[in-house]
Structure formats: C-alpha cells, structure tokens
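Next up is a structure, given as structure tokens.
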Amino acid sequence: MAPFTFLVGILSLCICCIVLGAAAEPSYAVVEQLRNVPDGWIKHDAAPASELIRFRLAMNQERAAEFERRVIDMSTPGHSSYGQHMKRDDVREFLRPPEEVSDKVLSWLRSENVPAGSIESHGNWVTFTVPVSQAERMLRTRFYAFQHVETSTTQVRTLAYSVPHDVHRYIQMIQPTTRFGQPARHERQPLFHGTVATKEELAANCSTTITPNCLRELYGIYDTRAEPDPRNRLGVSGFLDQYARYDDFENFMRLYATSRTDVNFTVVSINDGLNLQDSSLSSTEASLDVQYAYSLAYKALGTYYTTGGRGPVVPEEGQDTNVSTNEPYLDQLHYLLDLPDEELPAVLSTSYGEDEQSVPESYSNATCNLFAQLGARGVSIIFSSGDSGVGSTCITNDGTKTTRFLPVFPASCPFVTAVGGTHDIQPEKAISFSSGGFSDHFPRPSYQDSSVQGYLEQLGSRWNGLYNPSGRGFPDVAAQATNFVVIDHGQTLRVGGTSASAPVFAAIVSRLNAARLEDGLLKLGFLNPWLYSLNQTGFTDIIDGGSSGCYVGTSNEQLVPNASWNATPGWDPVTGLGTPIYNTLVKLATSVSSTP
C-alpha cells in the first residue's frame, strides 16, 4: 500500500501545482477591438519580433468631466473664474490619478519585465518601449504590418489587445495598437504652377488671387502699437515631413508683405522632427502656414513646431531598427504640456486632420482632453476644419458600410476652434469643400447650444439618419480658403484648402492677444465660449454657398444626391459664425476683463 499511497501523494501534489499555476496566470480583458481591417489598409506579414515600439498608455481620469467643465467656465465671459488660467503643475495635480491606480499600472509593467529605463510616468499617461515580441505577450495579441493603399505607408498595428483584469478598469487606451489613421494635410492641389502676376496686379484683383494685403483689406486688419511680447508666441504645427524653408519665407515677405521683412520664425523639433532646407520634397503646406501666419500677425514671435512620427515603421532589410510611434498628435501635445508656462505658445495653428471614424474613440477622447489642458493654460488651439465637405466617401468603416456624413477630427473636438473656408469677396461665400457637420464622438458643448439649435430648426428633417444632431457642431468660424499665393522651392504657386483658413484666423487671434496684453489684460486662451457669446458680433455672416461631398470614386456622382450643408443666416456647419471683422473683434476682446 505504501507505493500506492506515495503515488497518490505525487499526483495530488502535481494537481495542486497545476491549479496553483493556473491561478497565478491572470485572466485578461479586451481593451479595444476592431471588427475588421479598416478600409484602405491591407494586412501583410507578422511584424518583426525585434521591432521596438514606443507605447503611450492613458489611464482613465476620474475628474475629466469636472476638469473640462472648469476649462469652459474659465473661458466664458461673465463667469467668476473667467481668465483664471491654470499653471502646469496645477493641471497635473488636478488630473493626477489616485496613487493606488498609478502603482497598479506601473506594477503590471514591471511584472512584464518592461525595461525600467523606458518607463516614463506623466500624470495619467505612461510611456514605455518594448519589442514586438514582448508587446504581444503583454497584450495577448499579434502585431502585423499593414499598408495603406493610397500612400503605401506601412504601420505595425493589431486589431485587438487585452490587459489583466485587475488593471483593465484603470486603462483608457494603449497606442499605437488599433489606431490606423494618420493626419493628412487639409490642402487642395495647387491650382497652377509657374510665376503669377506682379504684386500690384494681385492686389488689384483679390477675387482671383489672395495675398496678405487682400486679407488685411477684406478683414479690416490694421497695425497696432503693440510690440513683440514673449507671452504672445504664435505657433504653427508641422507634420508629415513638411519643412518651413527660410529662403522661401524671406522671398514671400519681400514680395507680398513688404512691411514685414524683419519678421522671421524659430524652429522647435519634437520627436526628432526635421526642417530640412535642401529637401526636394514639396513643402507647400509648411510654406502656406508660416507665410500667412507671420505676415498677418503683427510682430509676433513665431515658432514652427516640426514633429516626427511618419512611417514606414517596418525597416527595410539591412536598415537600422528604429523606435516607431506614428502618433504625432500625442508627441506634440505631450511636449507642449511639459513646457514651463512661460514657454507655451499663446496660439497654435494646425492644418491637419482625418476622418473622425478612423480614430478610436478612446484616442479622440484622450487627445481632446490634452487640447483642453492646453486651453486651461491659456493656449488658443486653431484647427482647419478639413476639405471633404459633408464627407469624402460617406461610408462608415465599422463593417456595416452604412451611408453617413463623416465629421473630421480634431476639428470635432470641443476644445479647439475649427476654421472653415470661404471664397469670393463681394460677397464672401461658403466654399464647397469646407468640412463641417456634427461629431459622432463628442456631444454638443453648452457654449454652442443656442447657435447650433437654431441651424437644426432651419434644417428640419433633411438628412435625418445621416448625422448626429446632438453632436458637437463644427466649424466655429471661417476665412478665405482658395487662390492663396505661396512661394515654395522658389516657385510661386496658388494653393487652397482650409489649410489656408487656419493660419489666417490664428494670426488674427494673435493680434487680439497683443492688444489685450498691451492693455494689461491676459491672453484669450480657449476661444469658443467667448466667440459664441458674441452672437456673431464681429463676424460677417456668410449666407451664400454651401458644402458638398459623398462623391463616388473620382466621378461627380454623389452617393447621397445633393449632399450638402448650406450656408444660412446664423451659425452653419460650413462657415460657423462667419468670417472675422478685426476692427470690431479687437474692441470686443479688449473690453472683456481678466486682469493678471
């Protein structure tokens, strides 16, 4: 009997070990999952096991809604906290997760042998770097190379990922994983190449060609007595290998902004962003942005923020393995939020975006909150609304291929000021490609309730089911968007797009800040509550024209016949509140008190 007893003991011990081993293996829960490969992408081979990926992990914020309410309050004239912008450390402390939450997440990373030197913790965000093979074990997934059909860009991504149950409730997202979209320039193709007319001819015919002088006349922009102020830095965003060329800038200022020839800009590199001066690549977007932002702003201190992060992220045979992220928004935003308060730009103009549906909702929420954090610190965030009208294809990418108007992100974020487009000058009209509509991710903020509701009442039942009437409406304002003269690689071009509208409006905001600072007032910061409180005073209401979209392929056939948002009296989702009247806006801006 002894051998049998011994055998039973061994079996019992083995079973116990198996049970304990199973208990030691944590159960996992899915954080994010895509039903299928997003439209426009092709799945290729498994990602190289040794490829390094830098991840950004966002923890859920218990006080996010409270914080965003506070940002709106401090930006609303008449509120007791108006103009009381927060300091960097105050924002961090307000949003810092409970210590036990951070400890739990960091403990999980350490238990997965994530190199301690790669872990950086910033409030509710954690960055870490691991090879693909380790990421697959940590996140219970497989990474593959995916190629974009149109651009041939290759990215390492997955369709789903999971984390242990005991940390699942704390994690909002980990990227790059399921986010496939990349920002695109909001720029129409150049209308022609070659040498345009002389400056005198251009100034005499602003209905066909736009220069800084045309815009100054159209929007009543005049010079003020304000001197350059380090508190009023005007920033321009650069992504996707767009290089702001100094020679082109100087030539442009000499030809089209003769009173600004002493103006220049500095360059800040984020995530190894470049600003090559000898590249043969087109830089029309960068040229457009810096040439109009700094020719229209009066003696502004200008900074071009060039951010790296463009693919491909799978190296060719024989190339060095680089750390890949392809998350330029997050890289830029975290860089800016880490800056001391005195080094932040007062205004930041960005002319990039993508279909909102291409952005995971967790990503858009987390990113929008970062924009709100900049607003809390007194930064005015300006985005072009996009160049796809009511939507490019108007087909959802969730596997159902439902017909729907498609909003644009980040323009749809309630904490940015989105700028739509116009054309012509007597009168100005909505331009057909100006993106606008209603967000499917963000509810309508209270500051625009009255304005947007008025439009919806005019619209009635038209387009029911094709949009979200409760969503954040955009754009907020508009400006000219076509026939802009730029100089790129020494060649004079005309270009268009809401890429042009954003730096124009940003320059006007910079001027408003200059006037306020000169009068001893604070920067405007997050603009939208103030803009909507004006009831369109200070804006030309655009009531002619409208947007279009939903085109099938390259033809003029529309998936939704006559798909359009019309420009109407009051706010509309093509031109927002209208185009600026600087002379009125500067008086309004300097009459709103928020003293230091």
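Cβ coordinates come from backbone N, Cα and C, glycine included.
Copied straight from Swiss-Prot:
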- 1-16: signal peptide (SIGNAL)
- Asn205: N-linked glycosylation site (CARBOHYD)
- 209-592: domain 'Peptidase S53' (DOMAIN)
- Asn264: N-linked glycosylation site (CARBOHYD)
- Glu285: active site, charge relay system (ACT_SITE)
- Asp289: active site, charge relay system (ACT_SITE)
- Asn322: N-linked glycosylation site (CARBOHYD)
- Asn365: N-linked glycosylation site (CARBOHYD)
- Ser499: active site, charge relay system (ACT_SITE)
- Asn535: N-linked glycosylation site (CARBOHYD)
- Asp541, Ile542, Gly570, Asp572: Ca(2+) binding site (BINDING)
- Asn562: N-linked glycosylation site (CARBOHYD)
Do you know the mean pLDDT across the domain 'Peptidase S53' (209-592)?
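Across the domain 'Peptidase S53' (209-592), the average pLDDT comes out at 90.
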For Ile542 (Ca(2+) binding site), what is the tally of other C-beta atoms lying within 10 angstroms of its C-beta?
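That number is 26.
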How big is the Cα-to-Cα gap, in Å, between Ser499 (active site, charge relay system) and Glu285 (active site, charge relay system)?
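Rounded to a whole number, the Cα-Cα distance is 7 Å.
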Quick one: pull the CA-CA distance for Glu285 (active site, charge relay system) versus Asn264 (N-linked glycosylation site), whole Å only.
17
So which other residues, same chain and not among Asp541, Ile542, Gly570, Asp572, have a Cβ within 8 Å of the centroid of the Cβ atoms at the Ca(2+) site?
Gln536, Ile543, Ala567, Thr568, Pro569, Trp571, Thr575, Gly576, Leu577, Gly578
Taking Cα atoms as reference points, rank the recorded positions Asn205, Asp289, Asn365 by distance from Ile542 (Ca(2+) binding site) and give the first.
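For Ile542 (Ca(2+) binding site), the closest Cα among Asn205, Asp289, Asn365 is found at Asn205.
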Round to the nearest Å and give the CA-to-CA distance linking Asp541 (Ca(2+) binding site) with Asn535 (N-linked glycosylation site).
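Asp541 (Ca(2+) binding site) and Asn535 (N-linked glycosylation site) have their Cα atoms 11 Å apart.
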What Cα-Cα separation, expressed in whole Å, is found between Asn535 (N-linked glycosylation site) and Gly570 (Ca(2+) binding site)?
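One finds 9 Å between the Cα atoms of these residues.
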Can you grab the distance from Gly570 (Ca(2+) binding site) over to Asp289 (active site, charge relay system)? Cα atoms, rounded to a whole Å.
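Pair distance, Cα basis, whole Å: 29 Å.
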Which of Asn365, Asn535, Asn562 (the glycosylation sites) has the most other Cβ atoms within 10 Å?
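Result for the most crowded candidate: Asn365.
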Just give me the nearest neighbour of Asn365 (N-linked glycosylation site) among the recorded positions Asn205, Asn264, Asn562, Asp572, Cα to Cα.
Asp572
Would you identify which of the recorded positions Asn264, Ser499 has the most other C-beta atoms lying within 10 angstroms of its C-beta?
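Within the set of recorded positions, the most crowded position is Ser499.
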Using a Cβ-Cβ cut-off under 8 angstroms and a sequence gap of six or more, which residues of the chain neighbour Asp572 (Ca(2+) binding site)?
Ala430, Gly436, Tyr455, Ile542, Trp565, Asn566
Please report the distance from the Cα of Asn205 (N-linked glycosylation site) to the Cα of Asp289 (active site, charge relay system), rounded to the nearest angstrom.
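That comes out at 22 Å between the alpha carbons.
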Expressed to the nearest Å, what is the distance separating Asn562 (N-linked glycosylation site) and Asn264 (N-linked glycosylation site) at their Cα atoms?
45
